[in-house]
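J.: Feature annotation from TrEMBL assigns active site, glycyl thioester intermediate to Cys94. As annotated by TrEMBL, compositional bias 'Low complexity' applies to 193-212. Summarising the annotation, TrEMBL assigns compositional bias 'Polar residues' to 213-243. If you look up TrEMBL, you'll see 10-156 marked as domain 'UBC core'. Positions annotated as region 'Disordered' by TrEMBL: 185-256.
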Amino acid sequence: MATNENLPPNVIKQLAKELKNLDETPPEGIKVGVNDDDFTTIYADIEGPAGTPYENGVFRMKLILSSDFPHSPPKGYFLTKIFHPNIANNGEICVNTLKKDWNPTLGLRHVLLVIRCLLIEPFPESALNEQAGKMLLENYEEYARLARLYTGIHAKPKSKLKQGGAICESNTALNVDQRNTTLAQNSADQKNPLSSSGAPSPSPLAPSTASSKGTSCQEQPAVSVGSTPVSNETGGVGSSTAPPQKKDGVALKAQA
């Protein structure tokens with residue numbers, strides 16, 4: 001089991017400072033928890049942004065820090081099941097900030113803001129979940145319906161994350177209910193479009209029309225968080241027409 005002994009003292013000191021700051025002034029829609037004895041795994045609960053199919057959901061995720069952090073980027077995973085083009089079925093997050101655009105000076109707050117922005121502006125052109133990416137491009141209403149279905153089934157409020165001491169995690173909250181998962185998957189396989197009785201799909205997540213040919217998850221546009229360029233979703237070369245979103249007092253804006 002990883003412990004703080006795997007991290008240099010100066011890194012532990014910096015992480016403790018960052019985590020204290022995140023606890024005292026959390027970003028909008030993000031709550032962080034950590035085990036004081038093990039800073040190598042950082043947990044966070046992310047609230048689904050308003051106006052998206054993830055609205056009203058609470059998604060638990062984790063960042064795993066290697067012994068080489070911050071020279072190597074953390075790895076990000078969603079623990080809550082989610083239907084999203086840029087999040088794999090195993091929860092893996094593919095975003096440039098955690099890959100080729102990583103910079104040792106980037107902080108945890110910066111990383112978490114980028115990941116929440118991923119829920120606002122997905123990029124289907126370089127999807128890890130190919131089904132979600134194709135559906136978003138070809139039948140947005142059905143994509144939004146299915147994403148809302150997953151959110152309603154899986155993204156329920158979690159047990160609180162403790163900022164000090166052992167992290168309290170509910171197995172019930174984190175484990176995927178297999179019956180509900182089957183229900184959602186069966187719904188995904190249906191070819192019928194969204195019925196007239198379904199809720200209208202939100203507009204901010206209109207799919208990008210850029211070509212996805214030859215695009216990998218490393219070829220993504222950037223998002224500006226303040227004055228610092230931030231790699232955004234795993235979105236290939238596409239640009240979004242969605243208006244800038246104000247999050248935690250910081251403008252998140254897609255750039256071509």
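These residue numbers are counts, starting from 1, taken along the chain as shown.
Positions of Cβ are set from backbone N, Cα and C atoms, glycine also.
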J.: Looking only at the domain 'UBC core' (10-156), report the model's average pLDDT.
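T.: Result for the domain 'UBC core' (10-156): average pLDDT 94.
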J.: Taking DSSP three-state, what's the residue listed as 'active site, glycyl thioester intermediate' in: helix, strand or coil?
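T.: Reduced to three states, the DSSP call for the residue listed as 'active site, glycyl thioester intermediate' is coil.
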